[in-house]
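First comes the structure, then the notes that go with it.
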Amino acid sequence: MAAARLARAAPTAAGAALHAAGGRLPLPGGDTEIDWKAYMAQVEGVINGTYDYTQLQGDTGPLVYPAGFVYIFMGLYYATGQGTDIRTAQHIFAVLYLATLLLVFLIYHQTCKVPPFVFFFMCCASYRVHSIFVLRLFNDPVAMALLFLSINLLLARRWGWGCCCFSLAVSVKMNVLLFAPGLLFLLLMQFGFRGALPKLGICAVLQVLLGLPFLLENPIGYLSRSFDLGRQFLFRWTVNWRFLPEALFLHRAFHLALLAAHLALLFLFAFCRWHRTGESILSLLKDPSKRKVPPQPLTPNQIISTLFTSNFIGICFSRSLHYQFYVWYFHTLPYLLWATPARWLTHLLRLLVLGLIELSWNTYPSTSCSSAALHICHAVILLQLWLGPQPFPRSIQHSKKAH
């Protein structure tokens, strides 16, 4: 009878584990492998001497990440016994998770905007983020850790090193480019066009150096695979557009409409919220000393607000968000919700927004309701970013101009 009860319970336990793993049963190492084996196969191809990106394949498809990904995961390949020691890989990613939290806390420490109790939710309340880091072993956490290191360097006024780390993050995964419009605005505001060119040059040169072995072998193949902006996403994995018909989700006109909305909102924030000196936005191209209103040193909140808002706008208008993409903005959400005080958005409502976002990302498979709830929460955050006080106050700069 005991054996019979165990036999009946086994499918139930397996089903629960399968659901918790996002549709895949845990392996003996304790992970729910999705892309790790594919990563190792792609890296192994490079180790074996294949530098043509069009020939590098894994179980889940071709290699579609830039060269920085290859080098970092090549190190992990050797550190984990050719990718077979999953337990060691999990330990490495656990350390990466703690390092990411440290980098994020260093950023928030300079803002003095977010109540301390919120950090409990950031550390302890997200099953999905813990899964992405320690169980799934995706490359997204690696890219975001480098991005947060870059922001810390920018806050320390190490602009060159900050741009270098930013470019390194882009070389792991292209999603970091969502921060690029904000970074460009900050560089122009701080240095003008000529002063920003060396910093942009650092980003470009590092990409060329990292990709050089692959560019020499097949430049078109490398660029088309690693920086493919038109890659098609599968409807079955979308978190944010489940309520749409699949035909509309896949339609090119829908993608172009999202791109247009993304660019339009970026320009609106740049013209109306970030640039508030009273001069034309073209004045950013001038040397700072030649502007009518000489710029003040950028404050930590100005740097962080611009970068986080730039990324968040891109998230809102993404063609598709997959479950591992949650780490693209999870650690920025407390700042976006609490940095701009709004009377209508109480602490309880902000926590409710965080909770609904977490629930949406933990709903597998996604539903029309979970996707709609995610968009509603994004709209609330965008609305308060637009209506709330900005870190670039117009009145202070005007008074300095008059003085």
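Note: Cβ is positioned from N, Cα and C throughout, glycine not excepted.
Caution: TrEMBL annotation is automatic and unverified by curators.
Residues annotated as transmembrane segment in TrEMBL: 63-80, 92-111, 166-188, 200-216, 253-272, 325-344.
Same-chain residues lying 6 or more positions outside the transmembrane segment (63-80) and placing a CB less than 8 Å from one of its CB atoms are 39-40, 42-47, 53, 56-57, 86, 88-89, 92, 139, 142, 168-174, 207, 210-211, 213-214, 222, 225-228, 231. The transmembrane segment (92-111) shares the most Cβ pairs under 8 Å with 325-344, out of the stretches 166-188, 253-272, 325-344. Below 8 angstroms of C-beta separation, residues 100, 104, 108, 111, 113-115, 118-119, 121-122, 126, 128-129, 132-133, 138, 140-141, 144, 148, 175, 178, 239, 301, 304-305, 308-309, 311-312, 315, 318, 350, 353-354, 357, 361, 381, 384-385, 387-391 of the same chain, each at least six residues beyond the ends of the transmembrane segment (325-344), sit close to that stretch.
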